[in-house]
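Okay, structure first, notes after.
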Amino acid sequence: MRQGSGYDNETGEMRKISQKLENPLQGMSQAELIDAAEKYCTLHGMEEHLKMFKRGALLAAQPHNFDTVKDLTEDERVRLEEETTHKWRQPAMMYYVALISSLAAVVQGMDEAVVNGAQIFYYDILGISGKDTYHTTLQGLVNSAPYLCCFVLACWLTHPLNRFFGRRGTIWISCFIAGAASIWEAFTYSWPQLFAARLLLGIGIGPKSSTAPVYTAECAPAPIRGALVMQWQMWTAFGIALGDIVSVIFVNITPDVAWRLMLGSTVVAPIFVCSMIYFGPESPRWLVSKNRHEKAYEAMRRLRFTELQAARDLFYMNALLEAEAEMQRGHNLFAELFTIPRNRRATMASGLVMFMQQFCGVNVIAYYSSQVFVDAGRSRSQAILLTMGTGLVNWIFAIPGMLTIDTFGRRNLLLVTFPIMGLCLLITGFAFWIPNVNAQTGVVAMGIYLFEVAYSPGEGPVPFTYSAEAFPLYIRDIGMSWATAVTWCFNFVLSISFPTLLTAFKPQGAFGWYAAWCFIGWIVILLVLPETKGLTLEELDVVFSVPTDKHAAYQLRKTKWWIRKYLLFQHVKEIPPLYEHEALSSL
């Protein structure tokens, strides 16, 4: 290990655990590996698979040395080679799992988007229009009700729901509730009724947003995990675009019917998710956590081409999880998010990216762009049509993020896109000083669209991907609950405050406020956010064992080195990588 890879000021026991997590099979002879496979199969009643697990154990110890397994079939050798040469060649079931999570994301995206169009109707119909503080507060409260429910209650239901119903069951329950809430929203006749319906919608959003990315992350192989998990955000963006399209379709009918159809249309996507979810496998890692190893092997076999790959991955996963379990010190899992250094760093990092997902200003656009365009002098139908453009741009430009998140990396995508987002928000706000209405609308639209171009491959997909992989298995449900509670908390803060902020500080000040947060976020991400690409979920324990002060000091040295080399064109000595896996990946 190189500098900082777990050798901090923690106890000697924790240092040993970090070493073990880096390679739990290191130093074991072939005889010891075969003996470990025999014990594993005997302990979990899988003697009929013993031969395959013996071969899988040998391969798990040296995954790139196929010669350790003497009797490889031609198909097994081809599939093992394809893991490096054709990483996107995966079983259809792996993509079915990603599809389920994607459709669950469409549910969420539509729920977020249709309120953008509906609000320009129901403010008047439900008697909460007006620019005074009382009415703008009510507007923000109704719009933000799901996110209030998420961070107060719904996200914290993730752990008990996952514990009793599994990943699939939690997704089914939350989508069912989201569908029911959609129907209720369409049949409300006062703002308190709509507020209550949207609170129920929050119960459907919270556990789903916490669980679906984790479900994909726990099923996916490491080389494409980021790209598959980021489908959550990509198809959330598609759901937003679809919600905007629905708003365009219904905008010109009777106002009291239009907003009801907009909100009620979101019932369709949950029906598909609830119908599909139980045809997919349960998460192998969740099954292992419940000591259901036979079922975990069956699930893994559906997610890999060969039984050898399934046995290898399950055996290696179990070895890592056994080492990881030693990290648990007590029974108060929430406290361990902050008291165990490895967990605390994951908690801080995931909280940071989730906080910035809101305070970068994106949901000001997602929820209020129609109102912003109306304020810029456009009609209702024109405003909704322009808003549809933001949704489509958001979805389309998530594709570059999908193609680069596992190569360019999570951290680098954020560092490149945050300054661009800040500049675009400044352009959007300052455009309101342009006196000509057409020119003003054009520059506002350009600023918003370019913001979405930068947001979609960066702060759009990274937070949920990052949070879904950052925590150890034993605490992953609680950790993801924390992360999603953070994003929904500040989503609520943003949603309830923006109408008042817009009235008090005008568009220039409101957009300038969130531009400032983009630049602040860039600095903090540079200093404290570790990279997580290309490693198994369990191997990330080593990454999060690096103390934050050492990580920040290293990044400052790296930034200085980068400036001298690429901006000043000086000849400078290479800086050793922070993690050993970085050195290996460069070979």
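Each position is counted from 1, following the chain as shown.
Each residue, glycine too, has its Cβ placed from N, Cα and C.
Please treat TrEMBL annotations as automatic predictions, because they have not gone through curation.
Annotated features, as they stand in TrEMBL:
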{"type": "DOMAIN", "residues": "97-533", "note": "domain 'Major facilitator superfamily (MFS) profile'"}
{"type": "TRANSMEM", "residues": "141-159", "note": "transmembrane segment"}
{"type": "TRANSMEM", "residues": "171-191", "note": "transmembrane segment"}
{"type": "TRANSMEM", "residues": "234-253", "note": "transmembrane segment"}
{"type": "TRANSMEM", "residues": "259-280", "note": "transmembrane segment"}
{"type": "TRANSMEM", "residues": "352-370", "note": "transmembrane segment"}
{"type": "TRANSMEM", "residues": "382-401", "note": "transmembrane segment"}
{"type": "TRANSMEM", "residues": "413-434", "note": "transmembrane segment"}
{"type": "TRANSMEM", "residues": "479-505", "note": "transmembrane segment"}
{"type": "TRANSMEM", "residues": "511-529", "note": "transmembrane segment"}
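In this chain, the transmembrane segment (413-434) lies out of contact with the transmembrane segment (171-191); the count of Cβ pairs under 8 Å, excluding pairs fewer than 6 apart in sequence, is fewer than 3.
Note on the transmembrane segment (352-370): residues 112-113, 115-117, 119-120, 143, 240, 247, 380, 383-384, 386-387, 390, 414, 418, 421, 425, 448, 451-452, 455, 459-460, 462-463, 466-467, 483-484, 486-487, 490-491, 493-495, 498-499, 502, 510-511, 514-515, 517-518, 521, 524-525, 528-529 of its chain, located 6 or more positions outside it, place their CB under 8 angstroms from a CB of the stretch.
In this chain, the transmembrane segment (141-159) lies apart from the transmembrane segment (413-434): fewer than three C-beta pairs between them fall below 8 angstroms, excluding pairs fewer than 6 positions apart.
Residues of the same chain lying 6 or more positions beyond the ends of the transmembrane segment (234-253) and with a Cβ under 8 Å from any Cβ of it are 101-103, 105-114, 116-118, 261-262, 265-266, 269, 366, 370, 380-381, 384-385, 387-388, 390-392, 394-395, 398-399, 401-402, 456, 460-461. When each of 259-280, 382-401, 413-434, 479-505 is scored by its Cβ pairs under 8 Å to the transmembrane segment (511-529), the top-ranked stretch turns out to be 413-434.
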